[in-house]
Amino acid sequence: MPRDRKINGEIRRQKILDTLKNSQSPITGGELASSTNVSRQVIVSDITLLKAKQEPILATSQGYLFMPQQPQNAKVAKTIVCRHTPEQSEEEMMMIVQGGASIINVSIEHPVYGDLTASMMLHTVTDVKNFMNKINSTDASFLSQLTDGIHLHEIEAESEAILHKIEDTLDEAGILVKD
């Protein structure tokens, strides 16, 4: 009997992997659980096992994404340092996505844990609004609240010029931290 469970688990994980590979947008753990008739906790375990097999699965605030390696010249990425109040978070993210870049992640340097990074994968105004709705509806805090507003974002765009324009916009708003 345990052998059957293992086979079923392998089949389920393959179904999860195929579903993620065929999706252009994030899929929530709840959606994966529903489609495989298991609990969300089982999905979390399955995702962990798939990641251990080096499957490029990314957990974002919107759900899970399959992220195969991109060609090296596909986009230009840059890490920027920002500082602002929690109330300015939406404004900051909107400046970035409306300027033509994606917000890949957010990082802080925690005094005890060291570097903490959370995937964001925000590409559009709708993504930012959905992220803010989730923050507000769950009463969650921003990572930057642990570091007096200081945090880093990895942002990505089609060109260096777009990234420089976004930096100028953030600088004018008093959000960008310069060297």
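Each residue, glycine too, has its Cβ placed from N, Cα and C.
Of the listed candidates (Glu92, Glu160, Glu167), TrEMBL assigns Glu92 to the same Ni(2+) site as His84, His151, His153.
Using a 10 Å Cβ-Cβ cutoff, His151 (Ni(2+) binding site) registers 25 neighbours. Sequence-distant neighbours of His84 (Ni(2+) binding site) (same chain, 6+ apart, CB under 8 A from its CB) are Glu91, Glu92, Ser144, Gly149, Gly174, Ile175. Cβ neighbour count for His153 (Ni(2+) binding site) (all protein chains, 10 Å cutoff from its Cβ): 24.
Note: the domain '3H' (80-176) comprises 45 helix, 31 strand, 21 coil (DSSP; helix = H, G, I, strand = E, B).
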